[in-house]
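The structure appears right after this line, and notes come after that.
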Amino acid sequence: MAPKQKDDDFVLTLSDDENDAFNNFDVDGDDGDDGDELASSGTKKRKRDTAETTQNTSKKQKQQKPVKNGLKKNKKGQAETPAEEEQEEPQEEEDAGEDDGALDSDFEFDVGGVANTVVEGFDGWGMGNAEDEGAAKKGDKKAVDIDDIISRRQAKKEAAEAKKKKKQSEAQDNESWDGVAEDEDAESDGGMSVDFQDDELLAADGFGMGADGEDESDNEEAQDESGSDNDSDDDEEKDSEDDDDEAASDNDSVATPVGHPEDEASDNDSDAESEIDAEEQEKRKAFFAPEEEKTKEQADGAQRSFQEFNLSRPILRGLAAVNFTNPTPIQRKTIPVALLGKDIVGSAVTGSGKTAAFVVPILERLLFRPRKVPTSRVAILMPTRELAVQCYNVATKLATYTDITFCQLVGGFSLREQENILKKRPDVIIATPGRFIDHMRNSASFTVDTLEILVLDEADRMLEDGFADELNEILTTIPKSRQTMLFSATMTDTVDKLIRVGLNRPVRLMVDSKKNTSLTLVQEFVRLRPGREDKRLGYLLYLCKEIYTGRVIVFFRQKREAHRVRIVFGLLGLKAAELHGSMSQEQRIKSVENFRDGKVAFLLATDLASRGLDIKGVETVINYEAPQSHEIYLHRVGRTARAGRSGRACTIAAEPDRKVVKAAVKASKAQGAKVASRVVDPAVADQWAKKAADLEEEINEVLEEEKTEKQLAQAEMQVTKGENLIKHEAEIMSRPKRTWFESEKDKRAARKLGAAQLNGPDAGLSKKEKVKLSNKDKKRLDDARQRLEGKAGWKKGKAEREAPKPAKGKGKGKDKKKGKN
């Protein structure tokens, strides 16, 4: 009886049910009575097991009344499932009789079989998960909404205007009642003479009060003529000065045309770059793996589908779910090499699918990993938070039908939640360098000893001076025996830079490695003549109000300028969002989501958004001013015309931007891309610039109100922090202090180097640092200030010092003699 009691008490799990159902199938294909008896006995046993288990649970229901109803429902469900199985099993037995346990030889993977799960319009920003939404809502700072401030101010203005109109109407009513008396007074005063020469008695909008003198009207006509001349001059290309040379030769036949010094310097630089040093070629030959000769099938692009890479079915199903059917050139080259475990240095134009090029082989390799012990094996590093969030969304979509786990270590999100996820040892970690190092040094649950694959996306940016210290800290900590993959649209192949990453005979996979743009991109340039640089905002407002009215990204060099233009757009009724490093993570994600969903028409961003950001439907990119280098320009304009779609890029360029503009035009002409010059009427631009200038006072008031709200939010946060310190003092004090690998001084120096890479060496000169002055410097500054104020005393020169001095008391003696007489 004892063994029987054990069998009765045993509760089947889901896997046990599946094994029993599988064992009930007759593998030999006999549809005899034996199979029916086995099936019936199996179902009877399950009936008995479920009945006894429900009886055992019913005894406990008397003590647990709150969960009584739920258990009754489970009991009913358990009683109904065997009956359903009895009806379905005969059909399964008939199917199993014809199956020999192997797959049909004619079976093919049906890409269209997942048509119901295809994500239409997938762009990497589909944050539909509640987990992602909850993470996005947890910002470190309290957000201050500019739209709320502007709407409040406009509501106040409208209320004040309504009140003013009401008073005026009341005054007019009172005047109408007293009209008869006023007419009589006017008749009685008919013989009096009134002097109207006083300016205060005349209305400002009276007839003739706004008329200008003849000289002023002549000046305006002259300005209009010069404006039309400037308008006609804007038709010429950015890199040519032929019309100016012809005009100079007409005026002075002796003068010869002289090229612009910046043009000559850029020509010399391009010549120097084209002639690669023989020593550098030898270095590259020794550093990179030899390039394999292309077969005829590879040259013809024979691999037209992902199925020809021999990928696993869960990966193919995930690719079909996001509507990836045909591999791009960079994917065709990268996936076979990455599956072999080789190091890779890859480059391709923006929007060519570089993220999937390294995610797909990583997922394929992880499907064959040991599953007994969870281990973190892959680290993908990104330069910006938005790019890391986007890569995380793409990777999780591609791995939908696998058991591979992911974790994103991004600044701005909760450290505690990230530590809890790291305790589960996720397979793939997608991170920014700063937060990766933070967890590496301060989280006990995070170990990097098991990493097997390292990916650096936008690697040329990661190799710059701003990220050099952080990257070196990571590379010296993780294992050296790893696979390393570097990708970027402007990937460098200079050995001195790449050797720092610790690559082992990497394979160069350069697709469109000549720093080209997409062929579907139309590049436009608006030229600002010398002396009109202060009208730049007027040109931008005209373009956004009249020409490009929707799905536009506007790039700025500085956060301050982007924020100020954001306020101008709001005051002029243009729906815009901003994206830069001074915003909290909650605000940054909200801005991208609002722009992606079409709630705002313009995204005003710094170079934070220039790399990797993939938002579907971006029609236009406007450069408020040309960037520091041609590489940054390529990344900026690469936000549009992605994946074969068309797009436009418009750059407002002045004389300081000549070098970058010329490089862009030269590369585009060599590639065969379309380049055009857009002409904007200077008078129209001046009108918009005047509108922006008239809003200057209101802009400052909005900035002041925003500053006040931020200070209030900061004060509230400090109060909350103090309350938490008092309430949870023991827990907070018991936490170990977080450490960092460099001092504050080193961090400031790295920040300066990063700013210089983006905006040039003079980027930080406008903001002066506080330096303690010596007494000598103070005296020099005081003397200079006194001279400017005119208070400095007269100082004798050499001639005055050498002149004979008058005798002492000579004048006084004469006065004394006169007094005595």
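Note that Cβ sites are derived from N, Cα and C of the backbone, with glycine treated the same way.
According to Swiss-Prot, the feature motif 'DEAD box' maps to residues 457-460, out of the candidate ranges 353-356, 425-428, 457-460, 697-700. Feature annotation (Swiss-Prot): of 304-332, 478-506, 507-535, 710-738, the stretch labelled motif 'Q motif' is 304-332. Cβ neighbour count for THR350 (ATP binding site) (all protein chains, 10 Å cutoff from its Cβ): 28.
Packing around GLY353 (ATP binding site) is summarised by its Cβ count: 20 other Cβ atoms lie within 10 angstroms of its Cβ, all protein chains included.
The Cβ neighbour count for THR355 (ATP binding site), using a 10 Å radius and every protein chain shown, is 23.
Sitting within 8 Å of the Cβ centre of ALA348, VAL349, THR350, GLY351, SER352, GLY353, LYS354, THR355, and not among those site residues for ATP, are the Cβ atoms of THR328, ILE330, ALA357, ALA489, ARG642. When pLDDT values are averaged over the domain 'Helicase ATP-binding' (335-509), the model yields 91. Across the domain 'Helicase C-terminal' (536-683), DSSP helix (H, G, I), strand (E, B) and coil residues number 67 helix, 27 strand, 54 coil.
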